[in-house]
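Reviewing the structure listed below.
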Amino acid sequence: MSGVALALEVVVVFFLALFLLHRYGDFRKQYRMVLFATLLAWFLCFLIVFILPLDVSTTIYNQCKTDNQAHQVEIATINHDNSSNSSVFPTQRVLKTCQKPWSYIPDGILPVFWRVVYWTSQFLTWLLIPFMQSYARSGAFSISGKIKTALIENAIYYGTYLIIFCSLLIYVAVTLKLHLTWSGLRTIGITAANTWGLFLLVLLLGYGLVEIPRSYWRASCHGQLLAKTYFKAAKLMTEKVDAEENLEDVMEDVRQVNETIKYNHPLRKCIDTILKKCPVEYQEKLGRNMDDYEDFDDKGNPYPSKKSLVKLHKQVIYAVQRHNRTQVQWQILLDEAFHLEDVAKNETSSTHKFVHSFPSTEPPGWISKYLYTPTVEWYWECVFRRWCYRVLAVVLCAFSAAVVWSECTFFSTQPVLSLFAVFIQLAERDYNYVYIEMACFVTIFFLCYCVYSTVFRIRVFNYYYLAPHHQTDAYSLQFSGMLFCRLTPPLCLNFLGVIHMDSTISHQERQPTAYTSIMGSMQVLSFIANGFYIYYPMLIVLLCIATYFSLGTRCLNLLGFQQFVGENDLTSDLVDEGRELIRRERRKRQRTEDGESRRREWRERYSEPRERYGGRNRSAYSELKEKDGSGTDTGRAQSRRDRSDKAELLQDVEPLDFTGEEPLETDNRRSAGGHYLSTSASRSRIFDDV
C-alpha cells in the first residue's frame, strides 16, 4: 500500500507541474531544455511538499518502535537485577501498541529519495538553470555562441559569489576556531543556502498571509473588482502602446540593416535569422522592400558588425515577446471587464437568467445545456459566488492567524504554544496516522500556497513576470524554477520546526525525520541554529502589519509607480480612463458582432436561391454545349458575317466636331448602307448609360 501511495503522489505531482508549465509556457516556441529544466524544478519542489507528510507519519511509527524497544531493554535490566531477590516481583510495563500506517515507507528508501531530490534541486538552482537563463537570453546566432555567452556571464556571477563565500568561511573558521571537515563544509553549504532561502521565505510569506485572504474578500465585491479592472485596463493600454512603439523602432532598425546587407554578404544568414523572429506582417513588408539584385561593395558604406547584429537579435526577441504578451493580455482583460459589467447588469434582472453581452458563437455543450444553464449561472454569479468567496476569505484569515501565532511561539516546548504542534501531538497519542498526514498536508499546502502564489504574483518591471496563457518568456520561467528550488528546503525545515519534529530547533530527544537527517547537524554554526532560525521568523508579524496597511503599495505610488490605492486622485483618473477604454472597445466589438450577424443572415437568406439558380444555369449551359456540337458550321458562317458588319460600321462613321452647341436630334439615324451612326439621343448625355 505504501508503494501505491508514493507512486500515486509522484504521478499527481508530475501532471500538476506539467499543467502549470503548459499554462505559463509555450511548448511550441521555447527551447526544449528550458522547458525540461523548469518542469523538473517545479516537479521536485511540489514532490517535496507532497511526500513530507508521509515522512512525518513514518517517523512517528519508527519513534514508537524505538520507545518500545527501549522499554523492553529497561524492563529486562530491572528484572535481571531483581532476580537475586525472591521477594521482589518482576517488573512489568504496558508497551505501546504501534500500528503501522497505511502509507508506511520501509527504512532506507526515504533517505536516498530525499538525498537525490535535494541535490538535484540544488544542481538546478545553482548551475543548470542560471546557465540556461543566459543561454535563452543570448542573441548569438549559433549554439556555440550562446554557450560561450552563457559561460562568460555565469563565470562572472559565480566568481563573485565564490569570493564572498570563501571570505566569510575563512572569517567564521578563524573566529569560532572550527576544525572543518568535508562533512562540516557540506553542512555549512546547506546552512548557508537555507539561510538565504529563509530570508526570502519570510518576506514572501508575510505578504501572502495577508494578501491572499484579502484578495478573495475583495473578489466578492463586484464594484471594487470592476474599478480595479478599469485601473488595470488603463495601465495595460499604456504598456501596450509602449510595446507597439518599441516594436516599430526595432523593426525600423531591422529594415535599415536588411537594406544594407545584401544577399551575398557574409552576414546575410544572420539577417535571415533575425527576419524569422519578426512578426509575419513585418516579414512581408521587409521582403517587398528588399532588392537582392545589388551586390555589396566592401569599399562602400560601412556595414554593421556581428556584435551589433547579436544585440539587434536580442532586442527583436524581447520586443516581439513583449508585444505578443500585451496583445493577449489586453484581449483577456477585455473579456474579464465585459463579464464583470454583465454581472453588474444582471444583478437587477427579474428573470433570474444570466444574459451575456457577447454570446459565444460556438454551439453550447451538454454542460451548458443541462447543468450550467442561464438560471444556474445567474444564481452563481449574482448570489452564491460572493458568499462563497467571503466564507473562503474568513477561513484563510483564520489559517493565517494560526500560522503567525505558531511562527512566533514554535520555539516554546514547555508548554507547547504552537497550534500545529498541539494538533500533531494530540493525534500522535492515538497514532491516528490519517489525521496526522492530513493535518501536515493542509498546513504545508497552505504555507506553500502563500509563498508560491506570491512568486506568481510579483513582477519586477519587465525583467521577471509570469504571465498566463503561454505568454511567459523563458527567462521568467527559469527564474521561477530557481526561486522554488531555493525556497522549498527552508520552507520544509520551518514547517518541521513549527510542528516540533526538528530536534535541532525544538531541542527534544526524538528520532529525526529522514528529511532533516540529510541536512546534517545545524550545531556546526550554533549562532544560526539557535538564533537566526528561531527568531527571524518572528519578523512575519511586522511584514503582515505592513501588508495589511499597504505600506509597500503606498511607497511605490509615491515613487511614481501607479498602484491601485482606494482614495487617490491618480487612481480615480486611471479608473475613469480605463472605463472609457472599455466602453470604446465594447462599441467596437458590438459593431463587429452586428456586421457578422448581418453577413450570416444574408448568407442564410440567399444561399438556397443561389444554389437553385446555379443548378438551373448549369443545366442550361450543358444543353447549349450539346447544341454547339451539332451546329459548328452554321456558327462559323455567322461569325464571319458579324465581323464584316463591324468593319462596315467602322468605315461608315464620320468624324464629329465639338462646337459646344446643342446638337440636332439624331434619333434612329441611318447611313446609306442601313447602319446606325449613333445610339444616343444627344452627345451631351453620352455617359448616361455608364
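Numbers here mean position along the shown chain, with the first residue as 1.
Glycine is treated like the rest: Cβ placed from N, Cα and C.
Record features (TrEMBL):
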TRANSMEM  6-22  transmembrane segment
TRANSMEM  34-52  transmembrane segment
TRANSMEM  116-135  transmembrane segment
TRANSMEM  155-176  transmembrane segment
TRANSMEM  188-210  transmembrane segment
COILED    233-260  coiled coil
TRANSMEM  387-405  transmembrane segment
TRANSMEM  434-455  transmembrane segment
TRANSMEM  532-551  transmembrane segment
REGION    586-690  region 'Disordered'
COMPBIAS  591-614  compositional bias 'Basic and acidic residues'
COMPBIAS  639-649  compositional bias 'Basic and acidic residues'
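Note on the transmembrane segment (387-405): residues 205, 209-210, 212-214, 216-217, 219-220, 417-420, 446-447, 450, 540-541, 544 of its chain, located 6 or more positions outside it, place their CB under 8 angstroms from a CB of the stretch.
A Cβ distance under 8 Å defines the sequence-distant neighbours of the transmembrane segment (532-551), meaning residues of its chain 6+ beyond its ends; these are 195, 198-199, 202-203, 205-207, 209-211, 214, 400, 403-404, 407-408, 410-411, 493-494, 497, 504-505, 522, 565. Touching of the transmembrane segment (434-455) and the transmembrane segment (155-176) is ruled out by the presence of fewer than three CB pairs under 8 A, sequence neighbours closer than 6 excluded.
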